[in-house]
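> First, the structure itself, so that you have it in front of you.
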């Protein structure tokens, strides 16, 4: 028995109980105050279930699979459906210790520290019964009539379905041995109900329903925490303070350890109708094991002995079908049978049995000898007077009294051993080694005889009845038959897993493999019939086959039983058939007869004489007599020589000589086959040699070489091969698959037609590696605008959802620029894309601003001056006149505005903000602050500080702090231009060009700078760079300015509700100073935007990428902090695109 760990997981709390869904697909685990539901196939956590408020101690599934129940220290029981929904909850007065479903009625028993309850879906109430002691465990009988309760005071109480006590089992340990786990045997074959009881007196006991104990107490030497049966009741699982799960027989005989753990095992259960075991531990480890029960057996002629229930041995007579069971009390480790002897190895001894009489049908075995000693061995063999122990390379011969008489040490590991008969005390053994050596050993002789040596490891061996032939199955599943005396290979057949000679007929053997039984009689073709399993013996007309754990006898077709009379029947029948069809070449018929008789050279001469040289070549090829074939050909047709080399290569490949096969295929010009063998064996050097020798015109073999280079992780050689062929597309795909992007980009520069093949997978790779911004740029570069936009939209949405508003602003700005690119390229989508451009630009500004608000409300320290936060809040409220974008909180904005207004003396505005907040749903963390602010603001004057009032630089009107029209002047409707850092109104007025003036002409006129009559004494300096366009003033004196033609244009008709833009003609443009004008040079199809500075003393800087305006000092500080524009993140070292 071997336990293989299938999967393991770790919960944070102790695992007190677990239960399988009856169909075995799900595992419910009690971990802390949650239930964890796992998929048993791979250990995936399907869902955690929360319902209990304290530690869950127990869980049980109903047999019909519709419901399961859990009990907790919070004194409640929850009933759950198979769809993992809680449907009912009831409580006890104390914590719930255990729950169990009746297997027939699905009545639920729930036990607490002071009572137990019985509940079923049909009844509304839970009937509860008091107990004298704390209940620790419970279990229903198979028929659902009785419930056994294990008590902390050491008593087992057996109750009927109504809760009345019928049997009371008082154990010797009493209260000092609390019952910790009980379980009824689920087997239907047992005559009585058997209860397994494990207590903390470290004992395991068994009882009948009547209360009568079965056998004696079994000492465990650890505190057991859980006992459970396999589905059919054949084995018991026990776990506890020894930090492991042990497997016991149903009678309590320990068989072995399933899994050692690092802490106490609180629960272990078997997956229904399987050999899988789940284990839960104190430290939260959940382990899932598969138990693999190996076949322990032995066969001699028609007697087959095998292990049953791990402790018993059954001897089966394969002819009479009689069976006899030898019952044991210990684990059976090895079995050997020979003639009238049977040897059984147990952990601490070997028992040797003999038949009671010499009768061939006698099945009564009695103990002959007992060797009380522990032996470690891989294989066990018994003879008439000896036992042979095999341990790796060592063979030991022991007498039945346990005295070592002889020892042999082999060159390699022993893989197979078999007794082949002989006089009593002088039997012969056939031994097969891993290095391919096959030996014969006599038990009374210290020297081993080497029969033959082959190149592959031995899996199975048998010798023919006359000891003249040897059949071997090697590790490549090939059956090989040798002549023992000449060492000649007589024939070989593939797909074999075991082989056996007929014990009565020299020329007949059978082998199994690939789902077929193959019977070979003399030189006749192999006969096949379907068969599952292994051939283990062949006697007369019966073949014995082992499939999993069952042995069966197969009757052989009768034609094979008289094989000597049928040797030439097939040939005669073939010749007769051919004569009927008009063939009359007697020399050809005679050649066939010679070939059947083994006179191959005579046959070849006759084939040549009759003009059928090809048949002679086929004959030599089939017999692998290639040297004879070459001699026969001499200096004949090169085509025939090539064909012969190819056949020889095929044979070399079949007998596992691939290197020789490759060389032969290359000499025969079969490049593809040579490449396939080299590739399958991973011979990169051979592939390089072939690829470099091949002409570039041979595309198919070269492409195959490249395929294997890729498969064998040698992309450099694959690239070299693709270049040789000139297959640029395959080379590009290779670079893409191996993520060698630099080489791929270099190729696309030379061959732009492959741009899509590189940039699209590159973008996808970047996206998969969470490098979304780079992915978006790559999609954009590949011309996949829709994918680029989709990635950006997803990035934007994620940023908003995750409250990364600065990132959201940046992504919206990028989105707007993408829309502008699409509008440039696609005339049909122009209108839609321009609308999107303006919408995204607006959102970018809004999120950029809200980032500061969110930081102010969420973080303990403010990063902005009160005036800046005041301006930002007002700007945001003015921008949100129509709709509020996702993630932006009006509460946060009004809260910031109210706080800053109050601090700066804008009391009227603060009062308005607090009033607005009263009508909104306020988070609890702001509640007190807002209530206090609303009260204290009433003690302040009902007006705003005049210093804060914004001024329109076009009409010089003072605007209210809260403007219903939004971010425009209430008088002239001129839109305000804001600084993108402090959000103060900038001293800029936007003007428009008169019809007929192009952007280029306008810039040329402004650059002329016509002299004015009263020229300014102060020196303006304009600073132009890739990063910014700035206006600076070097003050000398204060000199008043003449009438400016632009100033005259600022006038408008008072009282109009429509916005009248400032439109300038050529003369006005010419009068302007280039240093006073800022231009947003938008790409087409947008028009440029022109702004005139009305206070040249204050320097303004505009980002040349996003065209956001800043006070120059603010911009320089921000660039120093971030090394980029704070709005569009354009790095200062980037050139202006």
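Even glycines carry a Cβ here, placed using N, Cα and C.
Keep in mind that this is a model prediction, so the values were computed, not measured.
As listed in TrEMBL for this protein:
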type: DOMAIN; residues: 2-187; note: domain 'IFT122 first beta-propeller'
type: REPEAT; residues: 49-80; note: repeat 'WD'
type: DOMAIN; residues: 189-292; note: domain 'IFT122 first beta-propeller'
type: DOMAIN; residues: 297-551; note: domain 'IFT122 second beta-propeller'
type: DOMAIN; residues: 558-892; note: domain 'Intraflagellar transport protein 122 homolog TPR'
type: DOMAIN; residues: 945-989; note: domain 'IFT122 zinc ribbon'
> Give me the DSSP three-state residue breakdown of the domain 'IFT122 zinc ribbon' (945-989), ordered helix, strand, coil.
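Grouping H, G, I as helix and E, B as strand yields 3 helix, 8 strand, 34 coil.
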> State the residues, same chain only, that lie 6 or more residues beyond the ends of the domain 'IFT122 zinc ribbon' (945-989) and have a CB under 8 A from a CB inside it; answer 'none' if no residue qualifies.
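Sequence-remote neighbours of the domain 'IFT122 zinc ribbon' (945-989) are 848-849, 865, 867-868, 870-872, 874-875, 877-879, 881, 901, 904-906, 908-909, 912, 1050, 1052, 1054, 1057-1060, 1062, 1078, 1091-1095, 1098, 1100, 1108-1111, 1114-1115, 1118, 1126-1127.
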> Would you list the DSSP helix, strand and coil counts for the residues of the domain 'IFT122 first beta-propeller' (189-292)?
0 helix, 60 strand, 44 coil
> Check the repeat 'WD' (49-80) for me and report the mean pLDDT.
95
> DSSP-wise, what's the residue breakdown of the repeat 'WD' (49-80) into helix, strand and coil?
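Computed counts for the repeat 'WD' (49-80) are 0 helix, 19 strand, 13 coil.
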